[in-house]
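J.: Attaching a single structure in structure tokens format; questions to follow.
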Amino acid sequence: RFTSCIAFFNILNELNDYAGQREVVAEEMGHRVYGELMRYSHDLKTERKMHLQEGRKAQQYLDMCWKQMDNSKKKFERECREAEKAQQSYERLDNDTNATKADVEKAKQQLNLRTHMADENKNEYAAQLQNFNGEQHKHYYIVIPQIYKQLQEMDERRTIKLSECYKGFADSERKVIPIISKCLEGMILAAKSVDEHRDSQLVIDCFKSGFEPPGDFPFEDYSQNIYRTISDGTISTPKQEGMRIDTKTTVGKSKGKLWLFGKKPKPQSPPLTPTSLYTSSTPNGSQYPIFSIEPVHYCMSDIKTGKPRIPSFRSLKRGWSVKMGPALEDFSHLPPEQRRKKLQQRIDELNRELQKETDQKDALIKMKDVYEKNPQMGDPSSLQPKLTETMSNMDRLRMEIHKNEAWLSEVEGKVAARSDRRHSSDINHLVTQGRESPEGSYTDDASQEVRGPPQQHVQPNEFDDEFEDDDPLPAIGHCKAIYPFDGHNEGTLAMKEGEILYIIEEDKGDGWTRARRHNGEEGYVPTSYIDVTLEKNSKGA
């Protein structure tokens, strides 16, 4: 009804159109700018990779030519040294008078051979050197400059593409400017349409109290008894019983009645209008200030704080049913210690929910009492459905707590029984804190878990589990230790490489297998450390 609200609604409509134009710009950017840049960037990467590969090939070819030239140079140097040695040997034998003519001839032939080979290597070195110098000149003056030129052209094309994308972005913005301008004009018109006088008149019409200004107080002359014998011409005011107002009564009745500027005194004849939003009348003419009763405010505050409690309980129940399912409500799939912690945590949560429901019930009872004492405040029967629902939730929570406490007692009995059996054995283990015990392995077979008092919903074939606990489990196979295992942690079994053990419980997916020695010592060993061989008839083994 208010022009400011209507203007705000119109601005939201214009803003919706404005957002639509921004979506158009975003789609145009994604197609013309982002998509085009991504495709072009991929092409540039491929082209740049090709140019760099050409440069590497040219460099490798130049290195190969240098190696060939260097090898021929070293070979020529080696042959020259050999020729010098042959010449020195020939000269020494030629000057030696004791040397035979055959030795001299042989040395002369060796000198001629070495000299000839040195000449050949010299010619080869000269050819390789000339070839390398030519390839080096070609590499640095033709091949590499051409590659750099191609890279430069590629980068220039990239820069041109960027400028085209910038222009496309500006064009996509410019296309929507006329529509955006109309949206902004519509927002300005909506802002100008706000009429403050109309809005204030609506507030006056909605919240006017109907009070009338009080009348003038009459003058009360207390000097009449003193001047009773004076002539009748004396000015006096007759006492009007009907017009007299008891100020104490007025103030007492108006106590707690607040208006905008503080306490407003009760008028002489206040009109009781049906549209009055601040007072409520009864048949005997008395008035009740509705918003000054503190018990109602207290109860309403309790109801407000207690309102979201019921959905939290329902969400908690839904969370249990979704995560665990009906068959795993008692956490029987978990190891004993983890199951005990989970049950204790659930009992604590249920106790907190029960306390919240109790607080809400107390608040509802208080509010119902206020309604019964002051019927004009509300109907007491309207609170009965909520009170019934709260009581039902409390009963349900108590049943859940009782059921979980029974499961917790069962688990604590199982853990105590297992602890007594382990302390009575001769096995000594070192306890490492912070590590989960291998007895927490997951198993679907109820006969392989820690036994305890049977639950009410167990199957008939699990009835004798508590009597099987004291007897050792039958071996279902054997294993051979591939690696040694120290077994310092509680519940584990140390073993040596090559040791043979009995298998009494398979690996259930947690990486541990339960085994037994020949002397009866039991414990868990890593499955990856052993080579397992299971018997075909494991039940009767």
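Backbone N, Cα and C define each Cβ position, glycine as well.
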J.: From 305-339, 340-374, which range did TrEMBL mark with coiled coil?
T.: 340-374
J.: Suppose you had to name the range TrEMBL annotates as region 'Disordered'; which of 29-51, 213-235, 259-281 would you pick?
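T.: Going through 29-51, 213-235, 259-281 one by one, TrEMBL flags 259-281 as region 'Disordered'.
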J.: To what whole number does the mean pLDDT across the coiled coil (340-374) round?
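T.: A mean pLDDT of 90 is what the predicted model shows over the coiled coil (340-374).
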